[in-house]
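Peer 1: Following this message is one structure expressed as structure tokens.
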Amino acid sequence: MSEAAGVIHDIGYQRYAGPRLGRGYVFTSLYVHSLRTAFGLGRSAKAKIFPWFVLGVVFLTGVILAAVRTQVPDAGVTYTAFVDMMAWLVVFFVAVVAPELVSRDLRAGVLPLYFSRPLRRSDYPYAKLAALATAVWLLLGAPQIVMFLIAAFSVDNMSQFWTEVGDVGPGLFYAALWAAVFAGIGLLIASLTGKRAFAAGGIVAVFLMTTPVVGVLSVMPSQTMNELALLFSPSSLVFGVGVWLFGSPDGNDNIGPFGPLYLAVTIGLVAGCVALLQARYRKVASS
Amino acid sequence: MVPQTIAWITARGLFGRRRFLLLIPLPLLVVGLAVLSRGFGVAPENWAQPVLVGLGLAVVLPVIALIVGTGVLGSEIDDGTIVHILTKPLPRWQIVLPKLVVATAVTTVTVSISLYVAGVLAHSVRLGLGLALAGLVGSLVYSALFLAMSLLTRRPVLLGLVYVLVWEGLLGNFVSGTRVLSVQQYVLTIADKIAPTGLLQSKVSLPVAIIMSAIFAVGFTVLAIDRLRSFSVAGETS
């Protein structure tokens, strides 16, 4: 009868023929973007207040400690002691950053958009975790580098310099241990709720409420119990590994023969957090 | 009639969510540790400080007051339903006061019961009652503080955490001048003066504690009412 009313014209649309950046590129982009988010880079001034406040305090403390070390070499201020001192600030930093990284995405419902890219379901939590761990490591490691530089420029001979290098290496490793544990726990808690406020409260609550448990267990009338007490809070757990590897800062912390157990529990804790995160993100996108 | 309705909505908003479950483990931990210490026969001098003060008054009370206090108004601001209340022809105090009462009541019930049990296990019924009453005062002051905070800033929980962690936790222990402006010290003093057992060390005097608590509670409530008068609804912060 009548011919087809419409004609499909070729108006010159072209298929994309360039290179397709695959999974690895998406992963890297997500990681870099998350790392920038952690410090509020590329965000409004309001988003920078809290991370930069923590950064400022940590760097200030680092510089002051470095100055103390050059004047009083035997003050007992080591790189690992610096990390221990910053524990509460790290908790606060994680409580600020972890909800920023994952809770916003949950609340805005953008996860289906991420997963419609060539990004595997498991890549998202890995990228976020790596970004948060890197951010915490930078927070603890960068001031140590500053401390190291200040110390390195005030040494008298090369052997002192190499001692300094030998000190800062374990310090950076210790910071990495903190970063892994705190990032794992923080991100896991933050991934449970889309509200940043409650995620932050939950993270702080977990770290705060486990600390007195250690206090109580360390006065129990059993030596084994006292030596195991540090296991029961994330921050004291890492501290226990530090005591085993680098010795106790003031000689009062006795973990007995349980050093390897502390390390095993730390690794188990991080692995458990990663596994739970993966389990969480296996089904989260439907919501 | 209206205050009851607002109180009812607030309570339902608090209990109707899963996050309400967050309130349960903290008090249970206080009781659990007290029972554990008592069961193993540890002297109260050794465990009263970490459990009653370190966990109970310094962590459980402020953290629960923070979750509840910012939750009663802050969550309504967050999801925008505050508009429905604000557009009713109500004096602002009729909105703030019922919410404050609910926040105080929920915090008190959650905190004081566990503190009472732990206090009885540590020393005597008197210490338990002292701690419970101090918990009530602390709940009121903290709730007023965090309620006002949720109107002053878009990030009330983070600011509240800064207050609890940095001001009370870090500075309160090192810089003695900040103790006069620390709710934790008032609560500690009130509990200590009601039951002078020597287990709690108060660092400010009782009149200071009572007067400053009253100033904090009234001042921040008035501030919250005033802020709500000129409250403008905005989108989520970045």
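Please read every residue number as a count from 1 along the shown chain.
The backbone N, Cα and C atoms fix where each Cβ goes, and this holds for glycine too.
Note that the coordinates shown come from a computational prediction; the quantities given were computed from them, not determined experimentally.
Below are the features I grabbed from TrEMBL:
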TRANSMEM  B:20-40  transmembrane segment
TRANSMEM  B:52-75  transmembrane segment
TRANSMEM  B:96-121  transmembrane segment
TRANSMEM  B:127-149  transmembrane segment
TRANSMEM  B:156-175  transmembrane segment
TRANSMEM  B:204-225  transmembrane segment
Peer 1: Could you pull out which residues elsewhere in the chain have a CB under 8 Å from any CB of the transmembrane segment (B:52-75), counting only those six or more residues past its ends?
Peer 2: 10, 13-14, 19, 22-23, 26-27, 29-30, 33, 82, 96, 99-100, 102-103, 106-107, 110-111, 114-115, 118-119, 122, 131, 134-135, 138-139, 142-147, 149-151, 156-157, 160-161, 164, 168-169, 183-184, 187-188, 191, 199-200, 224
Peer 1: Would you kindly list the residues that approach the transmembrane segment (B:204-225) from elsewhere in its chain, counting only those six or more residues past its ends and only Cβ-Cβ distances under 8 Å?
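Peer 2: Sequence-distant neighbours of the transmembrane segment (B:204-225): 73, 92-93, 96-97, 100, 137, 140-141, 144-145, 147-148, 151-152, 179-181, 183, 185-187, 189-190, 193.
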Peer 1: Cβ under 8 Å to the transmembrane segment (B:96-121), counting only same-chain residues 6 or more beyond its ends: which ones?
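Peer 2: For the transmembrane segment (B:96-121), the far contacts come to 3-4, 6-7, 10-11, 14, 23, 26-28, 30-31, 33-35, 37-38, 51-52, 56-57, 60-61, 64-65, 68-69, 71-73, 127-136, 138-140, 142-144, 146-147, 195, 221, 224-225, 228.
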